[in-house]
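Record features, source Swiss-Prot:
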type	residues	note
MOD_RES	Gln1	pyrrolidone carboxylic acid
DOMAIN	7-203	domain 'Peptidase M12B'
BINDING	Glu10, Asp94, Cys198, Asn201	Ca(2+) 1 binding site
DISULFID	Cys118-Cys198	disulfide bond
BINDING	His143, His147, His153	Zn(2+) binding site
DISULFID	Cys158-Cys182	disulfide bond
DISULFID	Cys160-Cys165	disulfide bond
DOMAIN	211-291	domain 'Disintegrin'
BINDING	Val213, Asn216, Glu220, Glu223, Asp226	Ca(2+) 2 binding site
DISULFID	Cys214-Cys233	disulfide bond
DISULFID	Cys225-Cys243	disulfide bond
DISULFID	Cys227-Cys238	disulfide bond
DISULFID	Cys237-Cys260	disulfide bond
DISULFID	Cys251-Cys257	disulfide bond
DISULFID	Cys256-Cys281	disulfide bond
DISULFID	Cys269-Cys288	disulfide bond
Amino acid sequence: QRYNPYKYIELFLVVDNRMVTKYNGDLDKIKTRIYELVNILNEIYRPLYIRVALVGIEFWCNKDLINVKSASSVTLASFANWRESVLPNRTSHDNAQLLTAIVFNRGVIGSAYPAGMCDPNRSVGTVQDHSEINLQVAITMAHEIGHNLGMGHDNNSCTCGGYSCIMLPALSDQPSKYFSNCSYIQYRDFIMNQDPQCILNEPSGTDIVSPPVCGNDILEVGEECDCGCPRNCQDPCCNAATCKKYSWVQCESGECCDQCRFKGAGTECRRAMGDDPGGRCTGQSADCPRN
């Protein structure tokens, strides 16, 4: 079995009543915005080998199911308790974020528990819908999820190549999609020290609620493969432009498979040892025959 460097965050989003009202109850419009936010999240997290899969959206159309307060810490704690007691029984997920139209005190636009990823009570965040610009809100969500992944705020010694890094304490007027060197180190330390298990499993394509996006590195309904952008695709069997396997593909893995084709008949695939005479490919299968 090949080593898979990727981690997978199965994300559940809750839209509070104020945000539903802000969009005049147009849930389709909110969904479209959410799908765009998640696409940006995947762009941001791809360099860290993290894929974000949206596995659920809940709209609080009639009333909020928690007390959404302008004190961000109070709202975060209330949302965490609701999520722990209600959501696991309904939807398998790794992390939940509350999208809200409330204006938090002291200029706060989001909050999250540090290193909370995979914790039953702490794998949550809150994000204020503070801008009409998708990138601004997506970066805020990436920032809060970053806290869940063990990242702290950047200081003056942190850099991401001259850009305004994601984990700065305050959102820049010219935000970028880049994490700093400090964030990379803190994330690595979190993975090494906390060993969060919930982000190791790849979600099923049928669990993902957002429309399939060819090129996002996540296998979704209707796709035969998805190896990311064409320039980054490492899968020789996959047509990155269509997310379909090439018509000539015979195999993808196996002792008798090479570059998506069966190895020629007679090719040695298992050395002779003791009573085992070894094995040779048939030219018709990716598996090495067992005598």
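Yeah, the Cβs are placed from backbone N, Cα and C, and that goes for glycine too.
Rounded to a whole number, the C-alpha distance linking Cys182 (disulfide bond) with His153 (Zn(2+) binding site) is 9 angstrom. DSSP places the residues of the domain 'Disintegrin' (211-291) in helix, strand and coil in these numbers: 3 helix, 15 strand, 63 coil.
Using a 10 angstroms CA-CA radius around Cys158 (disulfide bond), none of the recorded positions in Asn216, Cys225, Asp226, Cys251 qualify. Look at Cys165 (disulfide bond): DSSP puts it in coil. Proximity to Asp94 (Ca(2+) 1 binding site), judged by a C-alpha distance within 10 Å, picks out Cys118 from the recorded positions Cys118, Glu223, Cys227, Cys281.
Under 8 Å, Cβ to Cβ, and six or more positions away along its own chain, His147 (Zn(2+) binding site) finds Ala112, Tyr113, Pro114, Ala115, Gly116, Gly125. Comparing Cα positions, Cys256 (disulfide bond) lies closest to Glu223 out of the binding-site residues Val213, Asn216, Glu223.
Of all the disulfide-bonded residues listed (Cys233, Cys256, Cys257), Cys256 sits in the most crowded Cβ setting, with the most other Cβ atoms within 10 Å. Comparing Cys214 (disulfide bond) with Cys243 (disulfide bond), their Cα atoms are 6 Å apart once rounded. Excluding the listed site residues Glu10, Asp94, Cys198, Asn201, the same chain places Tyr8, Ile9, Ser92, His93, Asn95, Cys118, Ile199, Leu200, Pro203 with Cβ atoms within 8 Å of the centre of the Ca(2+) 1 site Cβ atoms. Using Cα positions, the member of the binding-site residues His143, Cys198, Val213, Glu220 nearest to Cys251 (disulfide bond) is identified as Glu220.
When the alpha carbons of Cys257 (disulfide bond) and Cys281 (disulfide bond) are compared, the span between them is 9 angstrom.
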